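Notes follow the structure.
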Amino acid sequence: MEKMSRVSTALSGSALTGRTMHCHLDAPANAISVCRDAAQVVVAGRSIFKIYAIEEEQFVEKLNLRVGRKPSLNLSCADVVWHQMDENLLATAATNGVVVTWNLGRPSRNKQDQLFTEHKRTVNKVCFHPTEAHVLLSGSQDGFMKCFDLRRKDSVSTFSGQSESVRDVQFSIRDYFTFASTFENGNVQLWDIRRPDRCERMFTAHNGPVFCCDWHPEDRGWLATGGRDKMVKVWDMTTHRAKEIHCVQTIASVARVKWRPECRHHLATCSMMVDHNIYVWDVRRPFVPAAMFEEHRDVTTGIAWRHPHDPSFLLSGSKDSTLCQHLFRDASQPVERANPEGLCYGLFGDLAFAVKESLVAAESGRKPYAGDRRHPIFFKRKLDPAEPFSGLASSALSVFETESSGGSMSWFVDTAERYVLAGRPLAELCDHNAKVARELGRNQVAQTWTMLRIIYCSPGLVSSANLNHSVGKGSSCGLPLMNSFNLKDMGPGLGSETRLDRSKGDTRSDAALLDSSATLVTNEDNEETEGSDVPADYLLGDVEGEDDELYPLDTEHVHSEEPEYVLPQEAFPLRHEIVDTPSGPEHLQDKADSPHVSGNEADTASLAPVDSSSSLLSVSHALYDSRLPPDFFSVLVRDMLRFYAEQGDVQMAVSVLIVLGERVRKDIDEQTQEHWYTSYIDLLQRFCLWNVSNEVVKLSTSRAVSCLNQASTTLHVNCSHCKRPMSSRGWVCDRCHRCASMCAVCHHVVKGLFVWCQGCSHGGHLQHIMKWLEGSSHCPAGCGHLCEYS
């Protein structure tokens, strides 16, 4: 803002002078437009509508068009345009769907001229015809474009884009009857204003909404478009089909694009979010901007070159409530700070490294490029004296190939094809993916899936029969035992009745011992015990006991008020039948009279013989509750995902993100998730894993990723007889006048799935061919071939 460079430009006898300057507005600006003499600029927004004079040292407010006591939605502007033939005529697009024209020559304070209320939703764009003084075009969120004759009260024609909303409309500077429109679904349409029934041409320009477009002021047929896919594309519309001739990759969604006057290959862009700067690009050098303006502190909403024949002054409005004039000489040049070296990995692990030839020559002590074969590829071309660049440095590209044994990516492909990310319970997903990783030799990944299963999956209820069977047979198909130890390591008194009979001086109560959730197993037909509320976070635990030497426990971490747990009866198999201690059952019968034990519990508390092969004692309850919150492991899992992403295994990060869903998604910011998703999808598409890529896009909850499947798809059809491309006008070939893809059964055109015989090439609708071959094996076309549907 403090730069004081001055410029004086001669324009048809007059001169534009000024400096880099700004002024504070009363409210954020949504759009700006410049008068044809470049002396005034209009600023419009939801709460501002003013005209400023552009003087040599500052902006001076000339007129406030928001008049009246009551605020009106007609003054809430989404766009504004100043007529380039009549300096008194303006038009605004209101957020309530009203198009308003303003006549600055009216003597009253209220300059409002006409209101057009035909749109049903917000009007995004208004545009005057460049040579016809009374023609105004508008595009709205309702999907319609309307052409108004300012001498009439209603629109003269309506254009339907067959889409959700229109984002931009622009009249062609060179073609009198042509205008372009951009849409939310990524399409660009070209219309003839004389034919409102259908567009002249339509093509998909971007993956996602196309927010802006601009016709080149000199080259007829050059159309620049910008969209949410962070790209600016230049199209040649003079050919039979729209041809992309330039593409510029930006770092954020493109909100505005304007060609720079007197510079054929330069255009200016600003972003819709994230990035507040304004960039001027040379489309021949799409990776580094030629100039950058950094004055704004919030999103830039409108840009306009001050004069159609002056490339030095750029005006901009922003949400930071400032209006700026940028002097091109004061712009920063990122190319001066750019790194001239490049590094990139190939699909199969090859590493490419590009460096300036001068650096290579200096390090190797040799002269510049003289045909040295140590650097296999050199980029060098003859410099055009007319180009604005001061010079082009020749670069040397070295390619390093990986070893055949160490660069294989088969594990990535196998993992992507075999992973299951949805459609099953979480435990099954983790088990399946762990098995896949283990079979591919990725033990750390397999262990990670296993730990995720243990952390987030409840162990569930396991019947005593199944539990004993698993323990006795050594099966690993069930859930792992939470607490287990060998009975052989315990004292001999554990199985006697003295373990149940405690003295009155014992501090542990009988109710804690004979709780309703712990009963002795009588046989395999016993009912399951009630479920435990202990979380699955407990991997190991201690068992309650009377002797410290048998049941070691760290008492420092046990709260005195926490509930105590005892051995569940179903996991208490005895080693042998007790026949010589008759006092045991009597003692239990006495315990049945206790108010702490019900009769049913006493009846089932008999000591039945159990198979001696069952030598493990399992505890389904933790000894004490550690009061861990549900999201105790969230930070750990988040760090684990970032670890895998930083190691380059974005496949694991995305897979876990999809499988766990909301359990972990809330702990990772949206931008990081989007970066992981897009990186993984790019890898999948490089390996031609289209189905897996589509599944990842469908399962993603990121808006920027899920919208990748919402872009329109263009299907090109050739005539089956003369091979001529079919036009978009129908299913009849323009050359041979035959219908394409005729069904051999119903003799109608197949506009959907077409199935054909590989032997005779006849076919038709899928359902028709299937039904035909159910009753006959001969071709329905009558060629005599025996067709078979498999």
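The backbone N, Cα and C atoms fix where each Cβ goes, glycine too.
Here the repeat 'WD 1' (72-112) returns a mean pLDDT of 91 for the predicted model. The feature repeat 'WD 1' is assigned by Swiss-Prot to 72-112.
The Cβ of Ser155 (phosphoserine) has 21 other Cβ atoms within 10 Å, all protein chains considered. Feature annotation from Swiss-Prot assigns phosphoserine to Ser155 (among others).
For 205-245, the entry in Swiss-Prot reads repeat 'WD 4'.
Annotated phosphoserine per Swiss-Prot: Ser470 (among others), in sequence order, evidence recorded as similarity to another entry.
Per Swiss-Prot, the feature phosphoserine maps to Ser496 (among others).
Summarising the annotation, Swiss-Prot assigns region 'Disordered' to 516-537 (among others).
The region 'Disordered' annotation in Swiss-Prot covers 579-607 (among others).
Marked as phosphoserine by Swiss-Prot: Ser594 (among others).
Look at Swiss-Prot and you will find Ser598 (among others) tagged as phosphoserine, backed by a large-scale study or a structure entry.
Within the same chain, residues 202, 749, 751 sit at least 6 positions outside the zinc finger (718-740) and bring their C-beta atoms closer than 8 Å to a C-beta of that stretch. The zinc finger annotation in Swiss-Prot covers 718-740 (among others).
Annotation source Swiss-Prot lists Zn(2+) 1 binding site at Cys719, Cys722, Cys733, Cys736. Its Cβ taken as reference, Cys736 (Zn(2+) 1 binding site) is surrounded by 13 other Cβ atoms within 10 Å in the chains shown.
The zinc finger annotation in Swiss-Prot covers 741-790 (among others) and is backed by similarity to another entry.
Separation of the C-alpha atoms of Cys722 (Zn(2+) 1 binding site) and Ser155 (phosphoserine): 45 Å, rounded to the nearest whole number.
Taking Cβ-Cβ distances under 8 Å and a sequence separation of 6 or more, the neighbours of Cys719 (Zn(2+) 1 binding site) in its chain are Pro725, Met726, Cys733, Arg735, Cys736, Arg738, Ala740. In the three-state DSSP classification, Cys722 (Zn(2+) 1 binding site) falls within coil. Each of the binding-site residues Cys722, Cys733 was assessed for Cβ neighbours inside 10 Å, and the highest tally belongs to Cys733. For the recorded site, Ser155 (phosphoserine), the DSSP three-state label reads strand.
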